[in-house]
Structure formats: C-alpha cells, structure tokens
Amino acid sequence: MESFLFTSESVNEGHPDKLCDQISDAILDACLEQDPESKVACETCTKTNMVMVFGEITTKANVDYEKIVRETCREIGFISDDVGLDADNCKVLVNIEQQSPDIAQGVHGHLTKKPEEIGAGDQGHMFGYATDETPELMPLSHVLATKLGAKLTEVRKNGTCAWLRPDGKTQVTVEYFNENGAMVPVRVHTVLISTQHDETVTNDEIAADLKEHVIKPVIPEKYLDEKTIFHLNPSGRFVIGGPHGDAGLTGRKIIIDTYGGWGAHGGGAFSGKDPTKVDRSGAYIVRQAAKSIVASGLARRCIVQVSYAIGVPEPLSVFVDSYGTGKIPDKEILEIVKESFDFRPGMISINLDLKRGGNGRFLKTAAYGHFGRDDADFTWEVVKPLKSNKVQA
C-alpha cells in the first residue's frame, strides 16, 4: 500500500493573528457574561505599539474594552517592547458601533422571536470533520502541531525555557496510509518549530531544549524514528516577534482553528462572534455531528456540511460524506444526522449553551484550536447519541 505525506501547522498564543483572535473572544466573553443576548461582531488588528478593536456590538453589558485588551496582552506575555508589545503602554484604539438595525430585524426581530424562529445571522456554509486516527477524533498532523504550540507556551510560562518569547509557529508532516478511505498514521516525517527567543540563547541550546522539553513530551515515541527530520528555528534568528514582527488580524488562522487542512472550510472565522453568527455556531454543530457519527461506529471518517440564508432559521442544505468508510450508505447517515441534530441557529445556541460567556470560555477557544479539546466548556465536543435503529457502537 502506498503512503503519502500530509502537513498541518499551528501558531501559539503570542502570534499576532492569534493575539487578535484572543482579544476579540475576550470581549465576546465579557459581553455574554453580563448580557447573554449580546450581539457581537468584534474584530481586532495590531501592529507595533498599537491594538485596535472595531466592529458592531449591541449589548446591555458595561464593558471596558481597553482594559480587556491590555489584560489579554499581558496574560499572553506581551509585557515589554522587547518581546513585541508592551501591554501597559501600547496605544489602544476602539471603534465599536451598534449592530445594523437591518440585520437585527431580519435575524432576531429585535428579540421578539422564539429561539426556533431566530434566523441565521448571515449566509454561508460550514464544515465539520472527524476521523478515528486519534482519541480526540481529530487529524494527527493537526493534533501534534497544535500540542507542540501549547507546550511551547507552557515551558515559557513555567520557566523551563526562560529564553522563550511569546510568538511561535509549529508544523508537522505525517506519513499516512489510506485504508479504504480511513486515514492511518504511520510515522512523523518532519517536525518544524520556529519560536521567538531572547538575545542570550544560542541556536544549539534552542534545538536541544526544543527536543527535550517540547517535542519529546508531545510526540509519542512510536511515531518518531531515525529518519524523522527536525527543523528547529531554521531561519537562524527570531528575536523580533509579536506585533512588532508582523501585523495581526482576527480571523486569519481559520485552518489552525479547525482541522489543519483536512476536511474542508467554508471560509468564515470564529473569534469575536456571538452564536447568531452561523460561521461559529454552524461550524460547532457540524463538528458535533461528524464526531458523533465516527464515535458511534457509523463511519471511520466523516465530513458534514450545513448552509444558511440570512434571516432564515432552517438550513438550506445538509451534506454528509463518509469517504467510503460508512457502515451504511451516506444517504442513511444523512437521515440520522437530520433526525439527531437541530441546525436552526437559535436551537444550536440552546443545545450547545453558546450564550454563556465569562470565565474565559470563548477566550480558551481562540488559541490551540476549537475542536478536539477535553474541556467541559467545549460543549460541541460532547458525543451525542444518534437517533436510529441502525446505530451500533
């Protein structure tokens, strides 16, 4: 059987685009915590010594946007110009207006509609994906790249590698077999880590520390062999980082947020959006659907698509593809999905408890992926029992 290589990347929380995602979701959390009916579309951009939040927010919440921006930057580790941004002294610009009344009347009828009548906040199509290659039912290439990024942050914050700075990127290439449509990982072919560092550390020390404290604890030994290639800070120098190195924008890391290039993507970003925005809630419910199909044993690998029209509650279409791994025909799996899941936005909000903010609930999603996480706040990761006499776990 012929193998093939597939690559996924990740960035950690100090990457400028991810910093923006986290600020947008921290603002969403603050709004929903005080007012679960908040309508939030919050974008963030950043460059040297500046963060700007802008968008449309309609809420009864009393939110100090500047304070949230500075706290989020500080928590990530942006505490001086040396590391790429000084949370306490950077410029913070705020340009936030109310949601357009045209959108408001079309979507929620100014809160007069019942939950099942609430229309989609916009048109669009979203995809959910699941695969049996990892316990998380996520692609291994994506899981490993994401966990390497999270481990980089962990060893920076706990002092194990004091030379680390907040910005960093990871990338993992996995060798796979295609087993009748299911993906079977064989080995890790290449590991790439580029991390921001201080002036004091040598490239040899960087490579040794990354192998010992980041790669070894994350990548299972069975996937590494003498042929595995390591590119550790291959550019040779990465002192300038964060918003000083690159401009950042909310919604620029949508593949990292989802499935690492596997499955498909409708193009809509997640962060800074309340659950009437189907870019987010629609993607969450189809992940739950795909995961539940694979967990139930109906298929080894699965993608689910849903699509919407603005102001219309019922989805326009639902699609299922099991890549030939289904125990039953895809059209029967589709019927089970339609019976088991309510794709109307108002009902997704209720069933996945998406109006509950605060406590960093959505902030947590904004770094290290929205899917495959073992956390009670990630309600869409709960496997749902499927309604059908054909399901045998």
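Backbone N, Cα and C define each Cβ position, glycine as well.
Remember, it's a predicted structure, so these values are computed and weren't measured experimentally.
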Residue from GLU56, GLU199, GLU205 that Swiss-Prot also lists as binding L-methionine with GLN99, ASP246, LYS277: GLU56
Give the number of CB atoms, excluding that of HIS15 (ATP binding site) itself, located within 10 Å of its CB. 28
Candidates ARG237, LYS253, LYS273, LYS277 (binding-site residues); min other-Cβ count within 10 Å returns ARG237
With LYS253 (ATP binding site) as the reference Cα, tell me which of the binding-site residues GLU43, GLU56, GLN99 is the closest one. GLU43
Three states by DSSP: which one describes GLN99 (L-methionine binding site)? coil
L-methionine site span - longest C-alpha distance across GLU56, GLN99, ASP246, LYS277, in Å: 30
